[in-house]
Amino acid sequence: MGIELVCLFLLLLGRNDHVQGGCAWSGAETCSDCLLTGPHCAWCSQENFTHLSGAGERCDTPENLLAKGCQLPFIENPVSQVEILQNKPLSVGRQKNSSDIVQIAPQSLVLKLRPGGEQTLQVQVRQTEDYPVDLYYLMDLSASMDDDLNTIKELGSRLAKEMSKLTSNFRLGFGSFVEKPVSPFMKTTPEEITNPCSSIPYFCLPTFGFKHILPLTDDAERFNEIVRKQKISANIDTPEGGFDAIMQAAVCKEKIGWRNDSLHLLVFVSDADSHFGMDSKLAGIVIPNDGLCHLDNRNEYSMSTVLEYPTIGQLIDKLVQNNVLLIFAVTQEQVHLYENYAKLIPGATVGLLQKDSGNILQLIISAYEELRSEVELEVLGDTEGLNLSFTALCSNGILFPHQKKCSHMKVGDTASFNVSVSITNCEKRSRKLIIKPVGLGDTLEILVSAECDCDCQREVEANSSKCHHGNGSFQCGVCACNPGHMGPRCECGEDMVSTDSCKESPGHPSCSGRGDCYCGQCVCHLSPYGSIYGPYCQCDNFSCLRHKGLLCGDNGDCDCGECVCRDGWTGEYCNCTTSRDACASEDGVLCSGRGDCVCGKCVCRNPGASGPTCERCPTCGDPCNSRRSCIECYLSADGQAQEECEDKCKATGATISEEEFSKDTSVPCSLQGENECLITFLITADNEGKTIIHNISEKDCPKPPNIPMIMLGVSLAILLIGVVLLCIWKLLVSFHDRKEVAKFEAERSKAKWQTGTNPLYRGSTSTFKNVTYKHREKHKVGLSSDG
């Protein structure tokens, strides 16, 4: 009994409540089909578990099958599982023998997955201390790299000295490249074929593709000696054949000397871009690169003029396959190009190379430290039909979902990764996956298989008597009928039964398209929404109208598409109560006499009426004129009279508010004020039925008299009248004077005066005669006398 309870707990543990009902209505008729429905579905193989309804009810969640009466031993529910085959502990500290180093755990496991299910496993990676390093120096020997060649003549000794601080097991090798020795990549005159630099003039080696010069060795002086002997070469175009050289350096494992248990570093040094892919078609080379080693007995690339340049994808495959980490050491002009390449190549880094390679030692050391500070997982193998997701748990203890890389790690730190794997379909074959850290040889091998078969499928009763006289095979509790027979127990012959009896009327689908016709009788399908029933499966209990998302308003039952309301409810949705208790106001009047009782709720007719029984109606009666005193006080009040206005407003049962409100339910009002202004405002009611006054304003007010203008007008009028009167007086005086003058002149003209001399008048001159004057002429002498 205890074992059964444990098994039951494990069955229930994998239950998914959200999709629990998906099994029962899936229509699965075999155990395999049921398992494909979802990872939460199980099959009951118990005999006589179902009746005429057939095999559909056998597929359900484990707990539902138990509730239906299926015994636990007959429940087929294979679960996803992980079986670890090898799990050596991670290495700690320095290891004397490199073959004993373990940097990933576990190393091998078997993963069995239910389709749609997910299994999570944990992978741990720890980079061990003092790990062996193999470094291959691959140099561009085109003419522009002449000064760089002089700089690295002592590089071997200096590099070995610096690397000895990081590892006690270091080896280095050397190789060089230029370009494919074929037109149009090289000069083709006889003299320039022998010496491509003859036009300078300068002697340099003939153009070559790739030369492997020094296998990996721990003799640094041997490296220096080899470098001193090197000569430059030349080609025509700017891009070089560097990718040809990278491919050969990666795949020629034995000739280069790559060890199995070491870190493989390939340092690529150049000041130019590299040809790749179909660039070689310019030279008539059309055979794709095969990714194989083609070094001849002189350690030169023998297929340089035959095979195309490798593509980026081919380089990635071979670098990953041989655990080679690429370090691009390139000049400033080429950095952006090789950064794009490095983004595609796992584990690749880019360093800025000085014009004469003066910083190459620091560049290599920095790149090595960067590579050792990162742990990144990569997946190799056939992943079609699989879903893999990673969650990284780095040394800082923080989870990074959807990430399979940890940075800023120290050597000896452990990086953990949760790897979730799921399979989408059933397949008979097993597949092999490899998960490994980029650049390391340690791997986790995973054998993945789909768990789609039921144990009961191994027991088949052919032509079983349980299937109506042997008309079928009995397997997993159901009959698989032989050709020509049908029915849950193969009791019907296809030639004996017509589906017409399962049609409601000619032209209609059999069993209304919602069931199967077995022996002239409809067996309705299961539905996640409810029951399908009727002689033709034409009815159900879930297709009725809904109210607020509830079938028949939750106040009735759905029967064949129509709501059958319970007592006290009516309406098409059963959403209308027949009770009027909620419509009666406190005085017993229905809806306070201001509305109608509809479906147990008051629908108020009067504008402004509200409340459950229309008891609130601030706008009923004369709502505008009754608030006159409040409104006029508000418009004329200053700060000191504010309290007085509040009292007046309260007396009218209203308050004034400047807050926002809905105008849809407001009542507009207008009053004539004492100052003959038109006062407008809006009245609303709050949730408690209190009257709120909004938007008080005055308009169409008569304008007040302009006193200064009136005074100015009066003054101007008085002045004008004075001037006019003065002018009139002047005219009258002038007229009178003229009249008097005329009269005087007339009288003077009528006067008759006598002509004579005034006896009192004496003239002003006197005449005397000089008797003594002797001349003949008469002289008049005028003497003037005052006396």
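Glycine is treated like the rest: Cβ placed from N, Cα and C.
The topological domain 'Extracellular' annotation in Swiss-Prot covers 22-708. According to Swiss-Prot, the disulfide bond annotation covers Cys23-Cys41, Cys44-Cys70, Cys394-Cys406, Cys456-Cys476, Cys502-Cys517, Cys544-Cys558, Cys552-Cys563, Cys565-Cys574, Cys576-Cys599, Cys583-Cys597, Cys591-Cys602, Cys604-Cys614 (among others). Residues annotated as N-linked glycosylation site in Swiss-Prot: Asn48, Asn97, Asn260, Asn387, Asn418, Asn463, Asn471, Asn541, Asn575, Asn695. Taken from Swiss-Prot, the feature Ca(2+) 1 binding site covers Ser144, Asp147, Asp148, Asp271, Lys355, and the record attributes it to similarity to another entry. Here Swiss-Prot flags Glu179, Asn235, Asp237, Pro239, Glu240 as Ca(2+) 2 binding site. The domain 'I-EGF 4' annotation in Swiss-Prot covers 576-615, and the record cites sequence analysis as its basis.
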CA-CA within 10 A of Asn575 (N-linked glycosylation site), subset of recorded positions Cys44, Asp271, Asn418, Cys583, Cys599 in residue order, equals Cys599
Smallest Cα-Cα separation from Asn541 (N-linked glycosylation site) among the recorded positions Asn48, Asp147, Cys394 is shown by Asn48
Going by DSSP, is Cys476 (disulfide bond) part of a helix, a strand, or coil?
coil
Cys614 (disulfide bond) CB neighbourhood, other CB atoms within 10 A:
25
DSSP assigns the residues of the domain 'I-EGF 4' (576-615) as 6 helix, 13 strand, 21 coil
What number of additional C-beta atoms lies within 10 angstroms of the C-beta atom of Glu240 (Ca(2+) 2 binding site)?
25
May I ask for the distance between Cys544 (disulfide bond) and Pro239 (Ca(2+) 2 binding site), taken between their Cα atoms and rounded to an integer number of Å?
75
Would you list, in sequence order, the residues of this chain other than Ser144, Asp147, Asp148, Asp271, Lys355 that have their CB within 8 A of the centroid of the site's CB atoms, where the site is the one recorded for Ca(2+) 1?
Met145, Asp146, Thr331, Asp356, Ser357
Using the alpha carbons only, what distance in Å do you get between Cys565 (disulfide bond) and Lys355 (Ca(2+) 1 binding site) once rounded?
91
In three-state DSSP terms, Cys502 (disulfide bond) is classed as helix
According to DSSP, which of helix, strand or coil covers Cys456 (disulfide bond)?
helix
How many Å lie between the Cα of Cys456 (disulfide bond) and the Cα of Glu240 (Ca(2+) 2 binding site)?
65
Between the Cα atoms of Cys576 (disulfide bond) and Cys517 (disulfide bond), what distance do you get, rounded to the nearest Å?
41
Per-residue Cβ crowding (10 Å cut-off), top of disulfide-bonded residues Cys44, Cys544, Cys565, Cys599, Cys604
Cys44
